[in-house]
Structure formats: C-alpha cells, structure tokens
Amino acid sequence: MGSPSACPYRVCIPWQGLLLTASLLTFWNLPNSAQTNIDVVPFNVAEGKEVLLVVHNESQNLYGYNWYKGERVHANYRIIGYVKNISQENAPGPAHNGRETIYPNGTLLIQNVTHNDAGIYTLHVIKENLVNEEVTRQFYVFSEPPKPSITSNNFNPVENKDIVVLTCQPETQNTTYLWWVNNQSLLVSPRLLLSTDNRTLVLLSATKNDIGPYECEIQNPVGASRSDPVTLNVRYESVQASSPDLSAGTAVSIMIGVLAGMALI
C-alpha cells in the first residue's frame, strides 16, 4: 500500500509552500472591509517578559495566517504561519527565533522579550478566496526600573547656612523622577529647587524642619521603584564658629553648578 502522503493523481506541493505562496500573491489583495482586529497585551512590555498579539477575526472562511516583523509582507521577514485543517499547522519562517508561538486563531505569543523585539508587526490573513487582509500593530519594550539611591553633597548641613544637593541615582532614559519627604509628595517652598528632569533636589538653606526622611522614586512605562530613605543631620553652629562647612565662595560655586537647568517648585 502506498504512502498516505503520496499524491498519485496530482502534483504534490508542500503545505508550507502553499502558505507562503498564498501570502505573497499580493495581486489578490483586492479592497475589502477589514474583519480582523489585534489587541497588544501589554502595549508597553517589560524586558524579559512576554507579549500577546491577540487576533480577533469575524471571518470563518480562512486559509491561514502569516506574521511578519515590520510593515512589509516579505518572505525574509516572515516569523511564523499557521494553516487551518492541516496536521502540521505551524510554519516557522526566517525571522523566527524560537521564542514565538502562533495559536489557531492567529494570536502571536512572544516570550522573553528583548529590546530588539520592539516595533511593528504585520499579520497577513489568508482567506480561502485569496482575498487577503493585512493588519499592523506595534509595541514598545522597556527595562524595569532599578532600585534608586540618593546621593548628596552634604548629609550634615549647618542650619540656615549650608546648601544641600540631593540627587536620585541612576540617570536613565524614559524615566520620571519623584521625591517624597516624610512619606509625602514634595511641597512647594521658596527654599527648594528642582532640576528640569526632577532628578536633583536643592535645599537653599537647610533647617531643622528639613531633616526628612527623603526618598526618590523612578517610574517608567513598565514599573516603579523607590529608594531607601535618607535623613539629614542638620546641625546648629554658633556665630563664633571659625570653620563653617561651606565658605561663601563654595556656596556660590555649588549654586552655579546646580541651578543650570533648575526650576523653582
């Protein structure tokens, strides 16, 4: 008895080839109303996590799907395909790297996402009448924010005399910086300055009320992290003291350095 895979009455064409051929017959892409929608979950992805491109399709007469990296339907950019009603449904392409999985409804799962995965993806829906449909979506990838820390030019300022500069470390892109004092958001004060990116906080004249604790928080589209609290040891120094922590010249130098790009809060 012959092999069940043999084709005695017609020429055999591998089903992977049929899928690719159908997807590349762009002249069959006649105008039609879109029936496919894609939800990206989540839209902003944390590096190392996973993302789902969830396909919603109202049409029942589908031959299969192809996913491409980028906006072009091109064989070199094909990630993976799926053919309905065939035992070997998944058809990885040149752009497949082992982390992508396609489901029977066309939904694409990408695991252990890297920054290189960010960008646009195109789904090519292949219908039985070869009137194809293309839908594009994109997502972004961010590293989860690290735990920040606070550095300072002076954790032991002299009351009503010393300038204190607090900086939230590290400096990262696509990050929002927030400050907390005594577990509350920073209050408006004429003695406080913030850099334009909120990363640096300046106390123009420290007082006993400025002891803290101080915390800084960094946020980005995929998370937030807060520093350990720090406190200031605000000291009182008599007028007769001969060795202030900061001379007038030093104070002026600090002010010139930190006020560049600063904004009053």
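Heads up, the Cβ atoms here are built off N, Cα and C, so glycines get one too.
Partner cysteine of C216, as given in Swiss-Prot, is C168 (from among C12, C168, disulfide bond). According to its DSSP assignment, N198 (N-linked glycosylation site) is coil.
Averaged across the domain 'Ig-like C2-type' (146-233), the predicted model reaches a pLDDT of 94.
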